[in-house]
Amino acid sequence: MEPGPARPRLAPAARPGWGRAAGCRRRGGPARHGRASGQEDATTAGRQAGGGVRGEGTPAAGDGLGRPLGPTPSQSRFQVDPVSENAGRAAAAAAAAAAAAAAAGAAGKETPAAGKAGGESGVAKGSEEAKGRFRVNFVDPAASSSADDSLSDAAGVGGDGPNVSFQNGGDTVLSEGSSLHSGGGSGHHQQYYYDTHTNTYYLRTFGHNTMDAVPRIDHYRHTAAQLGEKLLRPSLAELHDELEKEPFEDGFANGEESTPTRDAVVAYTAESKGVVKFGWIKGVLVRCMLNIWGVMLFIRLSWIVGQAGIGLSVVVIAMATVVTTITGLSTSAIATNGFVRGGGAYYLISRSLGPEFGGAIGLIFAFANAVAVAMYVVGFAETVVELLKEHSILMIDEINDIRIIGAITVVILLGISVAGMEWEAKAQIVLLVILLLAIADFVIGTFISLESKKPKGFFGYKSEIFNENFGPDFREEETFFSVFAIFFPAATGILAGANISGDLADPQSAIPKGTLLAILITTVVYIGIAVSVGSCVVRDATGNVNDTITTELTNCTSAACKLNFDFSYCESNTCSYGLMNNFQVMSMVSGFAPLISAGIFSATLSSALASLVSAPKIFQALCKDNIYPAFQMFAKGYGKNNEPLRGYILTFLIALGFILIAELNVIAPIISNFFLASYALINFSVFHASLAKSPGWRPAFKYYNMWISLIGAILCCIVMFVINWWAALLTYVIVLGLYIYVTYKKPDVNWGSSTQALTYLSALQHSIRLSGVEDHVKNFRPQCLVMTGSPNSRPALLHLVHDFTKNVGLMICGHVHMGPRRQAMKEMSIDQARYQRWLIKNKMKAFYAPVHADDLREGAQYLMQAAGLGRMKPNTLVLGFKKDWLQADMRDVDMYINLFHDAFDIQFGVVVIRLKEGLDISHLQGQEELLSSQEKSPGTKDVVVNVDYSKKSDQDTCKSSGEKSITQKDEEEDGKTPTQPLLKKESKGPIVPLNVADQKLLEASTQFQKKQGKNTIDVWWLFDDGGLTLLIPYLLTTKKKWKDCKIRVFIGGKINRIDHDRRAMATLLSKFRIDFSDIMVLGDINTKPKKENIIAFDDMIEPYRLHEDDKEQDIADKMKEDEPWRITDNELELYKTKTYRQIRLNELLKEHSSTANIIVMSLPVARKGAVSSALYMAWLEALSKDLPPVLLVRGNHQSVLTFYS
């Protein structure tokens, strides 16, 4: 009987008293239970002892070479079992003995050697397992047979099979079984080790005995890839985090289990049946050749040879080929740099240069293809009308006949396109055959020189004609560049294959081969026909058979004269034949003229069909990316090939509209310029991607060069002006307009474009260059580390700092996550992307920097030391004032004050921002909606909001990791679901009206988002800190919101020197080139404050005083040691003057600056170790209470202002 699939079994615990686990939990599936009850009796002893790998005495069937017959890679199993660290060798030995006894009983014989070996194995394994906490058991699938068959197998074939266990991470195999040498059936067993890395059997199973995933293509697919859902490799957390207490089984080890990739493959296979995919010949080569060979081949190439001569005609063709070949190489490089989907030129450009260029080119390229349909159809209709005119069977008149025939033709072409790509491809093959026959007809005709054709200028291959036609003979104001402009549209069409990239079986291989080979073949044909027609036909001929020369002339200079024809009449009159006069030269030369007409029909219709297919496919890809939301309806596809039927209809209508005009002489140059603009950007994309040096730019096609691509882009731009300068300018204006529109709209896409790569490279290079620049006072910028916590929980703090750092200095939003490290790390990784997006969305030029620490002080230290890069490091710490310090735990207050000391220790400036209403709005549920409503109707008083009053307001500097403050709306817009949001649209708490305090808090939180009006910024520059106190208000006045505010400067001075001090300060400010409206010198700062204010201060600090004079010395010392923040009597007396100064300054602030928009004031400094935290906090409270917004600023006492140039 064949061994059945293995059942995962949980090894019993080695510690006495532990029972067997009920099952092991599987990811995404139900719990797995133990073996069938039929085997329980045979294996009870082994299981209860917790010993062997198999947990029973029945060995698996072997192959006689010491290898088990299973498991196969898809059948491998493993489970993780808790192993007691105290499990000794006795348990393992008992298990081995039980297993040996069971095996002996089943086989009917006793094998002491085997028992001994098994015992030794168990001892060794038990000691090894005792070293760790977990054991991984790999179970042989052969052991999962039914109970009856397993016993019989043990006695039969499998009796001598090996029992295999894995040790040391699964790399070394411990085998208990037959010898590697075939014996004479003595039954002797021995124990041996061998390395699985040198064993082919175990190499086959690599990757199935571990949670780690082996490299596979499914891990690198995009979620929206054609193959279905992306298969996720195990996350780092799954491999690295501590295991849960409950044993589990790795889902990746179970071969028979369904996986996302397997399901996706099945779904994709089912949906893919019948989908038409083309190879490189039918999909690219044929299309490109048909698109390149247009009407020019048959009705304009002979005229070009007549104007430019054979030599310059070859130069014209070669120049066009250079442009198209370089573009073909660039297209091949981009197409082989990753999986290419539908969208052709749009897809290539957008994924290389980004949505801005891609969106602009995609729209005009799709439009150009749609109008190109009309151009080719009108060319076809004109040829048909000429035939009708020759036979005098016009329906109405020439212009209306072109409209009627064109309309009928485009309807038929639409039917072929809508019928499906398969039918369209078949039509292309038929048209190519006709085109090739027409070319062959011309080549054959050049060797057939009929007497009737000589009067029309065709003499066959003659050296006289070749020599005469080799040089140029420009007429009617034609020049080399005008001739080149007429020919170049005949060389376009090289993107016809790339435009249907989504319908190619292997775009990466098909596009380079098909495009480059098509360019080569068509160029050879163009040059061959140019040389042939220039060697056979003279420039001018009368078509009159009577113009032959019967007598030999000795003074002949023209080739016709040497060939006995006199066409001198054409020198002074207009003739109807010859290269210069007859557009139907190829029909005249050919062996069968109607076949040339068929070739013209084939060339026009094939090009029209290719454009009719390309335009909707490009437009559909553009609409799928939602670059232009108004066109989203055209993204829908129908049928098995996802055909863009709506795009077909739109293309049909555009083409029909231009067909009805029937005059495309003005539109044609614009279309050619649209194509050339696409070529230019494709070439520039390769140059740009190579210049950015992105590791992701590694095309499989190696035959490209970034500088050649740049030359190609420049050549395309030059050719645009050569063809038509005003059309080139119009194209540039349209591309620029669309680029600006897409840039303004900022589509929510991220394609890893070279623009992003170059931005990174530029930032990296400039950062490295900046690191070598020494600091200079003239280049000082405030680079602020703002302790915001969650950035949107303190909007006033964020906006005020942003006002003086925007486009001037660095702003980093520091957020200290506290709590369990494991949870905090997960939240930090989520917050990093979430809050950075929030800052960008709210147009905040700032960086979000989360850090995990045990407490706020430690986290702030980490940020101050490590935040930033090179010279782009913070130099100023910005904090919100701790408004709730009187009710808070004084240990938190002590920690808050220590942030100041830490900042000063590492030479940081410190800025403390205080609003009397407070800064933190995170306790208000739905704050973002309220903020927007406040901006719209600030007078509203009856706002209803969910308020969580149970949450204690934390310090205005940081929040713990669990306190998030981002709305669910933002989460949905960002495309992520919050794991632990603070704010929700639907709160379970009671809905209560917003109280007055919170209403004022919300109003205050938005005050810096508005224009500040004509008011004052009062600068109390009491102490010289290097100039930071003066620099910040100046920077504020340079911003649009603050530009109407005037700076008033307050300084301290002596009563008898007020005028002198004012003049000295005015002189200094003028040297600093800082405008001010007034300077006020305060001579009464040192006056004793009002008695009631002193009493109020004493009452405030009373709960925090030590009162050591009223206590015993030991008790006082102990209390000071345990609570170092307490204010001692000695300290209070020592700093009485400084205390009075803070109280007095508050009185002066209320007197002079109560109406100011904002007050910027010198921050008092407390000596570390001398001033307690409670006293320092009391100073700040007394100084800044009941005032307009206050900035307490203290620089690091290094100059940040200078009056030297």
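Heads up, residue numbers simply count up from 1 along the chain you see.
Just so you know, glycine gets a Cβ as well, placed from its N, Cα and C.
Per Swiss-Prot, N-acetylmethionine is recorded for M1.
Among the features that Swiss-Prot reports, compositional bias 'Basic residues' is placed at 23-35.
Marked as phosphoserine by Swiss-Prot on the basis of similarity to another entry: S74 (among others).
For S76 (among others), the entry in Swiss-Prot reads phosphoserine, with the evidence type similarity to another entry.
Annotation source Swiss-Prot lists phosphothreonine at T196 (among others), citing similarity to another entry.
Look at Swiss-Prot and you will find T200 (among others) tagged as phosphothreonine.
Here Swiss-Prot flags T205 (among others) as phosphothreonine, drawing on similarity to another entry.
If you look up Swiss-Prot, you'll see T210 (among others) marked as phosphothreonine, on the strength of similarity to another entry.
The phosphothreonine annotation in Swiss-Prot covers T223 (among others), and the record cites similarity to another entry as its basis.
Sequence annotations record features per position, and here Swiss-Prot assigns phosphoserine to S235 (among others). For S235 (phosphoserine), the Cβ neighbour count at a 10 Å cut-off comes to 9, with all displayed protein chains included. Reduced to three states, the DSSP call for S235 (phosphoserine) is coil.
Sequence annotations record features per position, and here Swiss-Prot assigns chloride 2 binding site to F365, G493, I494, F675, Y679. DSSP gives G493 (chloride 2 binding site) a coil state; it is part of no helix or strand. Every protein chain shown contributes to the tally, and the Cβ of G493 (chloride 2 binding site) ends up with 28 other Cβ atoms within 10 Å.
Feature annotation from Swiss-Prot assigns topological domain 'Extracellular' to 389-398 (among others). Using DSSP to sort the residues of the topological domain 'Extracellular' (389-398) gives these counts of helix, strand and coil: 3 helix, 0 strand, 7 coil.
As annotated by Swiss-Prot, topological domain 'Extracellular' applies to 448-479 (among others). For the topological domain 'Extracellular' (448-479), DSSP puts the residue distribution at 14 helix, 1 strand, 17 coil.
Within the topological domain 'Extracellular' (535-591), the DSSP-based counts of helix, strand and coil residues read 18 helix, 5 strand, 34 coil. Marked as topological domain 'Extracellular' by Swiss-Prot: 535-591 (among others).
Feature annotation from Swiss-Prot assigns N-linked glycosylation site to N546 (among others); the stated evidence is experimental evidence.
Taken from Swiss-Prot, the feature N-linked glycosylation site applies to N555 (among others), supported by sequence analysis.
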Would you kindly list the residues that approach the topological domain 'Extracellular' (389-398) from elsewhere in its chain, counting only those six or more residues past its ends and only Cβ-Cβ distances under 8 Å?
404
Summarise the region 'Scissor helix' (754-771) by DSSP state, stating how many residues are helix, strand and coil.
18 helix, 0 strand, 0 coil
Compute all pairwise C-alpha distances among F365, G493, I494, F675, Y679, the residues listed as binding chloride 2, and give the largest one in whole angstrom.
13
How big is the Cα-to-Cα gap, in Å, between C561 (disulfide bond) and F365 (chloride 2 binding site)?
51
How far is it from I494 (chloride 2 binding site) to S235 (phosphoserine), counting Cα to Cα, in Å?
44
8 Å Cβ shell about F365, G493, I494, F675, Y679 centroid, chloride 2 site members excluded
T327, A345, T492, L495, L676, S678
For the C-alpha pair, I'd like the distance in angstrom between F675 (chloride 2 binding site) and S235 (phosphoserine), rounded off.
46
Which of C561, C570, C575 has the fewest nearby Cβ atoms, counting only those within 10 Å, among these disulfide-bonded residues?
C561
Could you give the residue numbers and ranges of same-chain residues that sit at least 6 residues beyond the topological domain 'Extracellular' (448-479) on either side and whose C-beta is under 8 angstroms from one of its C-beta atoms?
305-312, 532, 534-545, 547-548, 558-560, 562-563, 565, 567, 577-580, 582, 585, 588-589, 591
Distance from C575 (disulfide bond) back to Y679 (chloride 2 binding site), taken between C-alpha atoms, in Å
40
Please report the distance from the Cα of F365 (chloride 2 binding site) to the Cα of C575 (disulfide bond), rounded to the nearest angstrom.
41
